[in-house]
Every structure is written in C-alpha cells, then in structure tokens.
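**Q** Encoded as structure tokens, here's the structure I'll be asking about.
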Amino acid sequence: MKVLFLTANEFEDVELIYPYHRLKEEGHEVYIASFERGTITGKHGYSVKVDLTFDKVNPEEFDALVLPGGRAPERVRLNEKAVSIARKMFSEGKPVASICHGPQILISAGVLRGRKGTSYPGIKDDMINAGVEWVDAEVVVDGNWVSSRVPADLYAWMREFVKLLK
C-alpha cells in the first residue's frame, strides 16, 4: 500500500519516525508531503526528506494517511490543499491514523462529527466541539480512523493501524 504523511516543520519527531519505519517494515511505500520540497525538521532536531508538496498530491494515488503531531498540524490545517486531501481520504473510508495534535487537520476538514477518538489532552475541547466522542485511551479505533494521544501510545497506535491495513 501507498501511505501518505501530511506534516511540516516542528512535527513531533518520534510520532513521524516510528510509524514511518514501522510501515516500511511492513512492506508499505511511505511518502511525506509538506509545504515545500527539501527537508523538514522535527521539534527535537530530526530531519526528513519531503517527497512531494501538498499541491502535487493526488489522494487517489494513496491508500492510507498518517497525521503525526507536534506543532506541525497547527500550520498544516491552514493549508486548504492539505485539508482537502485529509477530507477526501477520510471520507472515502481510507485508513487514517492520527496522534497527538494530528487530529487538528481532521477537525479543519470537518469529518469528525459523530466519531469516537482520542488526541493529546490539550485539544480535547477542540475534539469535543468538533463532535468527537473523546476517550482517554492509548488507542481508539472507529471504522477507518485510528487515534492515539502521546508518544507513549505509539506501539498500540501502530499495532492497530497495521491491522487495519491488512
């Protein structure tokens, strides 16, 4: 499967690095999309290569979506092309994994009303206001959406997402 990450500078390093390598280990093709080509750097200094820009992404070419957290989602959610990619993939039932602040992109996409999920506790109110039944759990699976809270939840998050991709 082809898996797309939507992110930008100041991503939470382990929330991108771990799923990136875990999904490659499972045999998936993994692509990172951001505002510009080149490299982006996480909050703790880890840099990754950007494969394509948001405006070059065709959501039809991807099978699943990952939304890491950190500070990046605050900026990504302001990019209409990135939000439309997330909206389309989520609405079409493609597997979507979000962690920490990653759901901010889905909130902006307007796709979470009536869904059950989790996030970083600091955006709990935003999730509830978007219509999410927010649960304080290491991982929540609701149909095509797998959500988690913080880096300590990474293993459970990817375990459930990998199951969804099979």
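Yeah, the Cβs are placed from backbone N, Cα and C, and that goes for glycine too.
From Swiss-Prot, here are the annotated features:
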- C100: active site, nucleophile (ACT_SITE)
- H101: active site (ACT_SITE)
- 1-166: domain 'PfpI endopeptidase' (DOMAIN)
**Q** Check C100 (active site, nucleophile) against DSSP and tell me helix, strand or coil, would you?
**A** coil
**Q** If you skip the near sequence neighbours and keep only those at least six away, which residues in the chain come within under 8 angstroms of the residue listed as 'active site', Cβ to Cβ?
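**A** The residue listed as 'active site' has long-range Cβ partners E12, G69, G70, R71, A72, P73, E74, S119, Y120, G122, I123.
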**Q** In sequence order, which same-chain residues at least six apart have a C-beta under 8 angstroms from C100 (active site, nucleophile)?
**A** E12, E15, P68, G69, G70, S119, Y120, S148, R149, V150, P151
